[in-house]
Each structure stands twice: as structure tokens, then as C-alpha cells.
Amino acid sequence: MTPRIESEESAPLVNKNNNNNNDNNNNNNVDEENPLIIESGIPIEDLEQKNKPYLIKVPNIDKPDSKWINFKTLWAFTGPGFLMSIAYLDPGNLESDIQAGAMAGYQLLWVLFWSTVIGFWLQMLASRLGVVTGKHLAEHCREQYPKTPRLLLWLMTELAIIGSDIQEVIGTAIALQILSNGHIPLWAGVLFTAADTFTFLFLEKYGIRKLEAFFCSLIAIMAISFGVEYIISKPDQIEVVKGVFIPLCSQNNISQAVGILGAVVMPHNIYLHSALVQSREIDRKSETQVKIANKYNRLESAFALIISFIINLLLVSVFAKGFYGETTEIGLSSAADFLMDKYGKVAKYIWAIGLFSAGQCSTMTGTYSGQFVMEGFLKLKIAPWKRLLITRCTAIVPAMVVAILSTSHLDSLDQWLNILQSIQLPFAVVPVLLFTSSEKIMGSKFKNHWLNNQFVRFLSLLIIAINIYLIITFSMQISESAWMISIVSISFFFYFIFIVYLSMGQENFNSMTKKIKNLFNNNSNQTYNNINY
């Protein structure tokens, strides 16, 4: 069944038959639909100047792309993909890498690889949506869904962002404790993260390119740190290759495998990427320019995610080599001591530097995600520092409670937050698939190919199936009582119904429920008549 989209406001400007109408709509909707582009949190109407300082000009974008790769053009598009890839390297990912290596050895490297491939596929849908339409995913959700489901979808997305932010707070606090030799307690590190993030907002004043370069340097620090750990630990290269290409997973390691998927493919990152790609200046009425933008965004994102995969692979391999079969309790908070005992004091501090860089990187991208999501869903303009204050304070409360009362539960909290991301993932995957499949939104030349649709639908069903397993496992771990199983079952029922609604749209969903109701009524009447007869 082809989903029906309720609004035609989002039709892309590359649709040649509607250029004039679209130009008018675009001019009329600037103030309402695009309150923020990228820089310094200034509304777009205040930035409408000739030189458009909030957009980055792309050389040769108006000419047909004669080369397979024009490196000047690629350089101009370099940035959004690396900012997007930071979510693949946040403290939640590092926690997942540690658990996978220590609990399963090299066996789950194939899960890491295919999770990254899946992530790339989904990020390309988000990127194409932003480039073709000039609107990001949250804005399309506001236009296409009615108020109540839209608000519920916003709450689910905010929950994912807050969950990720808790991991960033915990990761940074642990890194500070290690680097200070324990002189900075966890609770103080948690408070520190509430303040240090605001310094990044000042970088925006120097231009988006400076901000992108700064975060690329933090990614480089992570690569060097974990690369040194890899050299020190000397993992078995043959086992690493086998782990990437030979799929193995015992029943005991299913939770680690799901944790990898939840850590790598994060829902809020799909919303973020659809907005970041709009920082490059293109004419969306030009089919050539849109194609060039899609091509170079794809190349840059692929390169960035290859780097993120290598960094994660290095970390899994380090802990597989050193700790597989030797320990059952290891995480962000205890990894440094294990590394020091195994490889010396230098390994401990190198690990802390990499962890600190991961926490700082993901902090700012989380802020951007929250900003775009709030403005897109609620049409609410809010200064970045206010948005950061709200999100960070919300994340600090649970992190502070755990840091003060039970530091031993930090790693367990991180693992469950990764699983939370997996459960929330359909709330980003389903809308981006729906919108990029729509000819009304994407145009006939940029909508998804049918094969692409089938693949992403398969991924959605796979994610839902995994989440069913997680929910059942979680309920059995908490309690085997009938009331707990009932609560979990009811929760999952509404979870599944909401996903079905999002995938169909309101009109198709109402039509389906009406048919089911009529079928039920007809069967009831027939049964009643048979009894009377």
C-alpha cells in the first residue's frame, strides 16, 4: 500500500512544472517554516543579506559535474557528514564497544560493520530529504502529521536525545575523574559538563567551518588515542578480519549485538543530518545542483563513517584481545583500571583522553539535534544556549543521582540507554522513509527507488522484531509476575500501533481501522443471526 501524504506544501523546488508556485511558496514560508538555518541561532529573516553569511558557497556548483570527484567541490561539502558521524563515536558507542569486545571477543565485529552500513543508508535518506526540499525531517513531521501524533513523536525524539545526553555527561565525568587521578569526583565531573558545553556556542560566532574543523580535530584525537591502544594491545589480525566478515552470535551475546545497533544508529542523528546539509548554498530549482549536492554529501558521509567504523573496530579489538574470557564486569568507569593493569599507566590516560574527546564531540551535536527537533516540531524559536540549558539540566538529574548513590550502576545505565536508542529508532526511520518515498515531497526524480523502499522496510521490520525480543527479555528480567508481563504487553501494543500509524499516514490508517471495524461488525452480526436461526 502506498502511503498517502496529507500536505503538498513540501513539494521540491526541482519540480519543473511548479517552479513559479514553489518560488512563491518558498518566499511566503521563509519566516514560518525555516526559523533557523545554522549559525549563531539567529532567525533566518534577520540573516537575509546579499552575501548570506549563514550559508557556505560551493565552487562550480552551477556547472555539470564532469569529473567523478572534484576535490574543491568535495572540500566545500566536507563538514556535515563528520558532524553527523560524531554520534557513531559518542560514549554510548564506546560503552557498547567495550561490552562487545570483553563479552564476545571479535565475534560481533560484523554487527558493528553492518550497523554502520545501515546507518549510512538511513543517513543518506535524511540527507537527500534536506537537500531536495530545503526542510529538515522535523519540519516535515510537523507538516504531515496531525497535532496529537506529532507531539507524541516529538516526545519520543526528545527522549532519545536526553538519553544520549545522559551518556555524554557520564562519559565526560568519568574521563575527568581518570585524568585527575580521582581528585575530581563523578558528581563534580557531571556538574562540569553542565558548564563546559556553553563554551562551544561561542565557536559559532567564528563561522560554521571553524566549528566543523574543531570537531574534526576531536575525532582525530580519538583516532590517535584508540589507534595507540590498538598498537599497544596487538590484537590478532586474522581474528579481526574473521570477526568482520563471518557472522557469529551466541544467545548470550544478543543483548550486546542489539546494544551495538542502538549505539551506532541513533534516531536523533537522522533528524540532525537532514538539517546540517542545508548549510551549503545551492539552487534547489536546478536539478543539476541538487544532484551534485546529493553526490558529494554521499561521498563525504561515506568517508566520515568509514573513519568512525575503524575507530570503533580498534576499540572492540583492544578489549577483545585483553579481556575476552577474563572478566564479566567492565565498562566506561572500570576500563581505565583494566587497561592500566594489562598495558601500563600510559594506556589508562590515553583511554581517558579519547573518552573525553568523545564526550565533548557528542555534546554539541546533541545540542544541535535538540534545537532542530524542537524548532521543527513545535515551530518554536529558542536561543541555542536556552535549549542547551534545558537538555543538559534534564540529563544531569539522573546522571547525578547515579553518580552520588551508586557509581557501580553507571555502566548498566549506559547499556540500557543504548537499548533505549534502538527502541526509539523506528520513530525516525519510518517518517524519513515515508517522506523520501513521496513524489509530492521529493519529486519524481528524487523520490526513493522501489528497491530502496523495500530494503528500508525490511530494516524497519528487523528493528521492530529486535525490539520485541528486548521488551520480552527486559520484562522477564524485572519480574515474571503476570501484572508486569501485562504492562509490558500493553505498552508494546501501543508502541506497535503508533509505528503502523506513522508508516501509513492518518487517512490510510483511518481507512484501515474502519475496514477492520466493519469486518468485525459483519462477523458479529452473522454470528448473532446464526444463533437466532
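Each residue, glycine too, has its Cβ placed from N, Cα and C.
Just so it is clear, the model here is predicted, and its values are computed rather than measured.
Residues annotated as region 'Disordered' in Swiss-Prot: 1-33.
The compositional bias 'Low complexity' annotation in Swiss-Prot covers 14-29.
Outside the transmembrane segment (69-89) by six or more residues, the chain places 56-61, 116, 119, 123, 127, 164, 208-209, 212, 215-216, 219, 222, 264, 266, 268-269, 272-273, 276-277, 279-280, 292-293, 296-297, 299-305, 307-309, 311-312, 358, 361-362, 365, 368 with a CB less than 8 A from a CB of the stretch. Summarising the annotation, Swiss-Prot assigns transmembrane segment to 69-89 (among others).
Per Swiss-Prot, the feature topological domain 'Extracellular' maps to 90-101 (among others). Secondary structure counts, DSSP: the topological domain 'Extracellular' (90-101) has 11 helix, 0 strand, 1 coil.
Listed by sequence, the residues of this chain that lie at least six past the ends of the transmembrane segment (102-122) yet keep a Cβ under 8 A from its Cβ atoms are 88, 235-236, 239-240, 242-250, 252-253, 256-257, 260-261, 264-265, 269-270, 301-302, 305, 308-309, 312-313, 316-317, 319-320, 323-325, 327-328, 330, 428-429, 432, 455-456, 459. Positions annotated as transmembrane segment by Swiss-Prot, on the basis of sequence analysis: 102-122 (among others).
Same-chain residues lying 6 or more positions outside the transmembrane segment (159-179) and placing a CB less than 8 Å from one of its CB atoms are 87, 90-92, 94-95, 185-190, 192-193, 196, 266-268, 332-333, 336, 348-349, 351-353, 355-356, 358-360, 362-363, 366, 369-370, 373, 391-392, 394-396, 398-399, 402-403, 410, 413-414, 417-418, 420-421, 424, 427. The transmembrane segment annotation in Swiss-Prot covers 159-179 (among others) and rests on sequence analysis.
The feature transmembrane segment is assigned by Swiss-Prot to 183-203 (among others).
The transmembrane segment annotation in Swiss-Prot covers 213-233 (among others).
Counting same-chain residues at least six beyond the ends of the topological domain 'Extracellular' (234-256), those with a Cβ under 8 angstroms from any Cβ of the stretch are 96, 99-100, 103-111, 113, 313, 317-318, 320-321, 415, 419, 469-470, 473. For 234-256 (among others), the entry in Swiss-Prot reads topological domain 'Extracellular', with the evidence type sequence analysis.
For Asn253 (N-linked glycosylation site), the same-chain residues 6+ apart in sequence whose C-beta sits under 8 angstroms from its C-beta are Ala100, Met103, Ala104, Gln107, Leu108. Summarising the annotation, Swiss-Prot assigns N-linked glycosylation site to Asn253.
The transmembrane segment annotation in Swiss-Prot covers 257-277 (among others).
Annotation comment: Swiss-Prot describes 303-323 (among others) as transmembrane segment.
Packing against the topological domain 'Extracellular' (324-348) from elsewhere in the chain are residues 91, 94-95, 98-99, 101-106, 170-171, 174, 178, 229, 232-233, 355, 407, 410-412, 414-415: each is 6 or more residues past its ends and has a CB under 8 Å from a CB in it. Annotation comment: Swiss-Prot describes 324-348 (among others) as topological domain 'Extracellular'.
What Swiss-Prot lists as transmembrane segment is 349-368 (among others).
Residues annotated as transmembrane segment in Swiss-Prot: 388-408 (among others).
Taken from Swiss-Prot, the feature topological domain 'Extracellular' covers 409-415 (among others), and the record attributes it to sequence analysis. Restricting the average to the topological domain 'Extracellular' (409-415) gives a pLDDT of 68.
By the Cβ criterion (distance under 8 Å, sequence gap of 6 or more), the transmembrane segment (416-436) is counted as touching the transmembrane segment (257-277), at least 3 such pairs being found.
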